[in-house]
Every structure is written in C-alpha cells, then in structure tokens.
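Student: Marked as coiled coil by TrEMBL: 94-149. Residues or ranges marked as repeat 'TPR' by TrEMBL: 226-259. Here TrEMBL flags 532-671 as region 'Disordered'. What TrEMBL lists as domain 'Signal recognition particle SRP72 subunit RNA-binding' is 533-589. Among the features that TrEMBL reports, compositional bias 'Basic residues' is placed at 553-563, 655-671. Annotation comment: TrEMBL describes 565-586 as compositional bias 'Basic and acidic residues'. Residues or ranges marked as compositional bias 'Low complexity' by TrEMBL: 617-639.
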Amino acid sequence: MAAAAAGGPGAAAALWSEVNRCGQNGDFARALVVRSLLQISKDDVTALQCKVVCLIQNGSFKEALSVINTHTKVLSSDVIAFEKAYCEYRLNRIENALKTIQSASQQTDKLKELYGQVLYRLERYDDCLAAYRDLIRNSQDEYEEERKTNLSAVVAAQSTWERVMPENLGLREATYELCYNNACALIGQGKLNEAMKKLQKAEELCRQSLSEDSDVTEEDIEAELAIIHGQMAYIMQLQGRTEDALQLYNQIIKLKPTDVGLLAVIANNIITINKDQNVFDSKKKVKLTNAEGVEHKLSKKQLQAIEFNKALLAMYTNQAEQCRKLSASLQSQSPEHLLPVLIQAAQLCREKQHTKAIGLLQDFAEQHPANAAEIKLTMAQLKIAQGIPVTKACMILRSIEELQHKPGMVSALVTMYSHEEDIDSAIEVFTQAIQWYQQFQAKSPVHLSLIREAANFKLKHGRKKEAISDLEELWKQNPKDVHTLAQLISAYSLADPEKAKVLSKHLPSSDTMSLKVDVDALENSHGATYVRKKAGKLTGDSQQKEQGQGEVKKKKKKKKGKLPKNYDPKVTPDPERWLPMRERSYYRGRKKGKKKDQVGKGTQGSTTAGSSELDASRTASSPPTSPRPGSAAAVSAASNVIPPRHQKPAGAPATKKKQQQKKKKGGKGGW
C-alpha cells in the first residue's frame, strides 16, 4: 500500500482501474482497495463515496455511517444523503433516516423509494400510500412490479391494523407476493373464505415461479411458502379450527425458518390457542418471541399483543410477580389501554384480593372516563362474584351512561332487580330507557319493543294501571296493531271489565280476518295425516253403528276371582296381606341360631355332637349320607338322616310343580 501511495498519479490510476473492475464484477470486498486511494488523498469525495458504497454492499452499515459522520465537511448531505439515510434505516434508526431524507435538497427516485419504506416502518400508512402512488405514476423502470407489491402491502396493513376499507387499486395478481398481500387485506375485512382462496392461489404461483429455477430445492420452496402457510393457519384459528391451525403452525416451526418475525407470530398464536392449558408448551414457545431483532420485524400492535400474552401466561403459571411487572410495563407504555389494568385485576382476584382489584379498576375508570364502560362492567361482575348485594352492582351498571338505554343492559338490570324483588327499580330502568328513545329515536322498533316489555313486566307484577297506560300509548302509535289491542283488552279485563267490552268492539270480525292458510296443504302434512289415521281407526265402527245396523257393543264380563280353600267368611282377612312379609307390622325377623347350633363352637380342636356328624374323616364308623343302589341298609340309614339340602320347613308344599299347579287353579283374588 505504501509503495502504491508513493507511486504517484500512475499508481492512483491503477487503483481506480482496479476499483472500477471489482465494482462491475460485484466483488465489493476487493473493491475496498479504495482505502489506498484515501491514503493518497484523504478528502477525495469520490473515493469516500466508493468506500461508503462498498461497506454498505458488504453489510458494514455502522462503519459506513462512521465514515460519513467523520467527513461531514466533505460529504455534504446533498452528496451522500441516500447512503446515510439507508445506513440509518438498516440500523433501525428510523426517525434519523426520516430526518436525513427530509433534509436533502433534492429528492431523487432512490430517496423517494427509501422514504416510502421509512414511512411504512413508522406505520404512517396514509403518507406511505401517497408516496408509492407518486412513484408508480412518475417512474418507468424494471422496479415497477416491486413498487406495486409495496403498495399492496400498505393497503393490507391499513386494512389489518387501522380497519380501513381498502380501495380497489386495480393491481393484477401476477405474482405470489401481490396475491398474498391481497389475501391479508381480505383478512382485515373479515372475509376469511375469500382470503383462504387467495392464499391457495399465492401458494400455486409461488411453487410455479420457484420450480422454474433448477437450483431451488424443495426445502427452499417450503421455506418460502412458510409465511403463506402461517397466514392459512391464522385463518383456520379465526374460524375455530384450532386443531388444524395448531398442526400447521407446528409444521412451520419444524422447518426452522430464518424469519424471526414469522416465528414470533406463530409462537404467539400457539400460546393463544393453548390458553391456560398445555402451559409447558407455551413456556417453550414464548422463547421464540424473545429472539433478537423481533422488535424490528413486527408492528407495534403485534409486539403489544405478544407482551399481553406473556403477562397472561405468567398469570396462568402462577408467576404473580412477573405478571405484575409485565402488566405495569404495558400500562406505562399505553396508560389509556384497558388490557394491562384488566390483567392486574385478574391477578389480584386469583390471589383472593377482590376489594383491591375493584379499587384498581375504580381508579382507572376515574382517570380515563372515555374507557370506563368496560371497566365498570368488570367491576359489576367482580362485585357479584364477591357476594356483594346485587343492587350495588346495578348501581355501577346504571352509571354507564352510554349503555344504560341499550336493550341488553335494560334486560340485565331488570333481571337483577327482579331477583332482589325490587320491582320499583326495575320499572324505573324501563322508564328511563323508554324516555331516552322517546327523545332520540321515537317510534323505532327498539322503542316500541321496550314499551311492550315494560307493559308485560308490570302486568306480571300486578301494576295493572301502569301497564294499561303503556299499552294505550303503544296502541295510539299504531291503531291497526291487533296484537296490542288484544293485550290492552286482556289488561282491562283484570282492572275494568266494562272498558274491556267497549274496546273489544274494535277487534276485527272473524270474517274480515284473512288467515291465508292453505287447508289442503295443512291436511296433507305429516302430523295431520298421522292424526287422521288414528282417528279413522277409532271412529270406523261407531260410524257403522250410527247408520242403523243396530249392533250393540258387547261388554266383556269380568271373571270372578276364586277364593282360597281355607277361606272363612267369618274371619276378617289380614289387611296387610298384600305387603311383603318383611314390611308387615307383625314381622319379627328370621329366627337366628338354629343352623349355627349345628356348627361346632368353642376353641379350635373341640368336638361336639354336631361336628362329629359332619366330620368326613369318620366315614368308616358313620353311616353314609346318601343311599347306595341295591342296599336295604343304606335305604334305612338314609331315611333316618336327612341331608340339610333336602330338609323342608313344616307346612311347605311337597314339590315346586304342585305349587305351580295350585297357582294355576286359583284365581286372581286377593284372599
């Protein structure tokens, strides 16, 4: 290098030739030989620019920015504005990059391109959309397709994060990137089925375009498709197909994609599916959300959602201190956001500190009245869960002015007051809601429905006059409403029957009422056919008898029950004869001890008369218990000793067959 520097102009020319050749070949590492030129002339603007470009191409953004900052006198903002802004952009110093671009005196196409990227990273989507439209309108080169892709990405971001209905830009879905971005815009609008079809089309286009390159392997294609499959799994999750979504998420994680942002989003979505179940898996997945560089790949709302889920996971895993720390950090970042406070309150409730949780929510509602509605709903729920009287919860609900006239809130309050038998307060809730609609939405369907419900409620609880007043108001607004008139007549029949008779004259006659009923269709319906068939079976015989055939229906004679042989009419029968023996009043239980006496008692080894008879070892001296064929002695012995199995109680029937015959002969009498 020293020899080259001493060589003078000839050596400098050779170095410039080498730098030029390396730059054309894209060998920017060797092009850094330009440093030798800077030893010859340290303030050479062209050499400094070449060095900065080479460092940027090699990914040395910090070093490139350092060169720019140390030579500010030579490298003015107009000369090196794009390179400086690009280094700041790549180093995630987005605000600095924006200032550098805006301070440039001349806005070149390169600066405008970078300006659009910076605005997108800052989530200033309206300005970003305008910037790309201007670029597409005023430039024609080989990068037009990329600009259209970026434009569609901005539209998708607006639809997803700002809930803005995207306009039709007329972009032809020629590439899978454009198709993917359009699918994301449809997801933001809630059109999940259409979005899934777009993603399937994007997958086909991606496979086609990548398969044309012989150097691309199947693994490379799957890695490129990972983001499309991730969005498909998200749609499945939104549709409630959590098992399918979970399977697809895990397949993507197994591929180990290099996009840390994609991995973080998938891990977060798996955690939301697991909820308070499979906590061990969630704790493993949460590590993917902490990877380096994730904060620069995701939007603010995505990062915030991940932090919320981390706090909830800490609560589910009983890490109370970690949960409080995360939720407090979230609250400091977004003081007006509801979720951090709700998470803190939930953690306090898990620790049985309901009063403290209600106090925390009360403080937040006072500090942020604009977001107080959801907080007050939670407070009311906590009070009910705590066992505090329902009326206190009702007071909190009635303090939510923007909800107190809503039908759902009215229904909830009336139900709660009715449970406490506070009918006056329930009627007051109805009255306030009706007055609100009378003032702002008179004669609306909700207004009329509330009046009707109030009248029904008052009738149910004996407030007849108030109910009649409501029904009269309802009838005045629509005199042709027969249903309301019928209700009014029904109410008057309880309070003033004469008035009910007068009003009944306004009811239309049956002749004027057209029911529009197709009688033939009704008779041929399944239910009518079934009833008609049953009726025909029952009435067929009776119709013949009415035609004068004179047949008289025969009455079946009841057979007289036979009385027992030992029946004595003078003796009153046992009134408990129908009850089982165990349930009769005179039952004393079975006599115990008869058979037990025959079993040997006493200490082990003692003998008794009964035990000697049962001793099998004494078969030689004792007679056999069963007769042997052809032996008279055996027969006589067997007649003297009856085995226990053959013994019968006194008075029992001889055989089972005889007992059955007696049953058949006897009638069904109860004697």
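Glycine residues also receive a Cβ, built from the backbone N, Cα and C atoms like all the rest.
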Student: Under DSSP, the compositional bias 'Basic and acidic residues' (565-586) has how many residues in helix, strand and coil?
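Tutor: Once the DSSP states are binned, the compositional bias 'Basic and acidic residues' (565-586) shows 3 helix, 0 strand, 19 coil.
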Student: From the DSSP assignment alone, can you count helix, strand and coil residues within the repeat 'TPR' (226-259)?
Tutor: 26 helix, 0 strand, 8 coil
Student: Between 0 and 100, where does the mean pLDDT of the repeat 'TPR' (226-259) sit?
Tutor: 94
